[in-house]
Amino acid sequence: VSYFTLSAYFYIGLFKYVVFLFLMCVYIFIISSNVLLIAVICVNRTLHEPMYMFLCSLFVNELYGSSGLFPFLLVQILSEVHTVSVPLCFLQIFCLYMYVNVEFYNLAIMSYDRYLAICYPLHYNKQMQRNTVIKLVVLTWFLPLLNIIVMISLNASSGLCGNIIDRVFCINYYVTKLVCSSATASNIYGLVYTFTVPFSLTALIVYTYVRILKVCFSGSKQTRHKAVSTCTPHLASVLNFSFGCFFEILQSRFDMSRIPNVLRIILSLYFVTCQPLFNPVMYGLKLRKICLACKAILFSQK
């Protein structure tokens, strides 16, 4: 097998140019908004705090994830034959799965950061020193990298006995189903990883927010205001990302043939299109320091 055929695409005639322009506009907005916020955080010294450093890492990941999908998607929409070479398919799997893992790690670390800031404000500066922040950001990218390398290696080393992927982009689960030999090693690794890392990160997020809510209800009005102003965008981001991942897992594991094809495609693209759109808008509008810094750059008079 030298290429895969993406069978989820269907003929829409000249309407494909409308879809192309719409997705191009979405991609341009994702790039410009995330780059703007990264520049604002890097340039403005008042934003050189742990929370904003983690946000900067999050915005970089949004650029990375969307760039792993949109250029490929735009080419496929205008193409008459929806095929992709095996190396390019594995490269896309690497980019998208790396994006999902880094996003999950980042959101978990940001939850822990807010937990320390709200529940232990007197010890926050000692716990979240510059070196600690750098180490956490490095781990956020390095640990997912190791996981994805192992996952890709298990599939890439096996022979393929089919080339039909019923999606609009490459998914590791569908490639695993095309492996000639038994995919036991890949499945076991996937199960072990799922029941250790994602479950642990989910438990960390849930625990930190339970503690934050407990402090909010028993604390002062100032504490509640700080918690609401900094935690609301983060909690919304966690829920939005979880929603997208849930539908992606649902489509991969269950028969969704009764659902209209257009709806299936939209839901499969949700986790890597809405999250990069949602985060810069939510954090840019809700976090006062970032909002003021953006206004100063965008509306400054020469």
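Note: Cβ is positioned from N, Cα and C throughout, glycine not excepted.
Automatic, uncurated: that is what TrEMBL annotation is.
In TrEMBL this protein carries:
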type     : residues : note
TRANSMEM : 20-43    : transmembrane segment
DOMAIN   : 33-283   : domain 'G-protein coupled receptors family 1 profile'
TRANSMEM : 55-78    : transmembrane segment
TRANSMEM : 90-112   : transmembrane segment
TRANSMEM : 133-154  : transmembrane segment
TRANSMEM : 188-210  : transmembrane segment
TRANSMEM : 231-250  : transmembrane segment
TRANSMEM : 262-285  : transmembrane segment
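Here the transmembrane segment (262-285) lies next to the transmembrane segment (55-78) in space: the count of CB pairs under 8 Å, restricted to residues six or more apart, reaches at least 3.
Across the domain 'G-protein coupled receptors family 1 profile' (33-283), the prediction's mean pLDDT works out to 86.
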